[in-house]
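Notes follow the structure.
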Amino acid sequence: MTQAHTATTVTTVSVDSLRQSARSHALPDDAAWRVDDVAALFALPFNDLLFRAQQVHREHFDANTVQLSTLLSIKTGGCEEDCGYCPQSAHHDAGVKAEKLMALDEVLDAARAAKANGATRFCMGAAWRSPKDRHLEPVMDMVREVKAMGLETCVTLGMLKAEQAQQLKEAGLDYYNHNLDTSPEFYGKIITTRTYQDRLDTIGHVRDAGINVCCGGIVGMGEAREARAGLIAQLANMDPYPESVPINNLVQVEGTPLAGTEALDPFEFVRTIAVARITMPRAMVRLSAGREAMDEALQALCFMAGANSIFYGEKLLTTGNPQADRDRALLARLDIRAEGYAG
């Protein structure tokens, strides 16, 4: 998103006020979150932070309902970018082979299966730096057909030009995913082939086209808490902030530069979910990659912290995700309903 798309009005809020009463849950919508303000939320006692996040969550959502989303890799591997976490990068030897774009019928079969299993949102990801115009038409066909099934549609295709965003809007796309990944200061340690401003520009094109924005990041890449606070501040200060905020916990894949990175403390991941909920109270906060390594108690804490969507199914692009039966069993034990699912 360009500077024109970013909130610039700053309301002064003291760190002390952020620590005070749990009644003052979040800043007014016209305020901007300073990194120090977000860091102060991270530093709250764990129980206080979760209590505040749960209060904010209940003001805007049914705390016992989650949305189930399914993510399908429609074009895997061979990406020109050098993202240090990604096994689909052509720069890394992670054993992921480049594949062609999936056929429409295959995608629709996957979408039907996702809907039958309770998903209300179907996301399609392609490992491109940016789509060529000739690639966009088949993707738009996928969007039209999946939307006709009654599913929300989301795609993530890399960087977009303004006219490409407009074409996707005309095809009926509901959401476009383009993550910031981390804070501006830490970004260069993870990616060198695409600038932070490139990402902001694509988000700006998506917003200008009238498509809902899905934008979040990845934690556990060796960053300090300040970088996590910086990421949340960037997201929360978008005008408006994203409708969907996926929070990913790094999945370490052999052959990628980030393999062997010290794992993030699980409670710090929960704190990140809670801070995202407080700073972006009306967003769908999506518990995304990394759930395969989380036990049920940790996932339950994430729901308490304000996560209200999960990616559902056996694969999340090229890494593991808890199987659907396990997900349904966990939600049943927690008395959490899947949005729009009566199965």
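Sequential numbering from 1, following the chain as shown.
Backbone N, Cα and C atoms are what each Cβ position is placed from, and that goes for glycine too.
When Cys154, Cys302 are compared with the [2Fe-2S] cluster site residues Cys123, Cys214, Arg286 in Swiss-Prot, the one appearing in that site is Cys154.
Listed in chain order, the extra residues whose Cβ falls within 8 Å of the Cβ center of the [2Fe-2S] cluster site residues Cys123, Cys154, Cys214, Arg286 are Ser69, Leu71, Arg121, Thr156, Tyr175, Asn177, Ser244, Pro246. The average pLDDT the prediction assigns to the domain 'Radical SAM core' (64-291) is 88.
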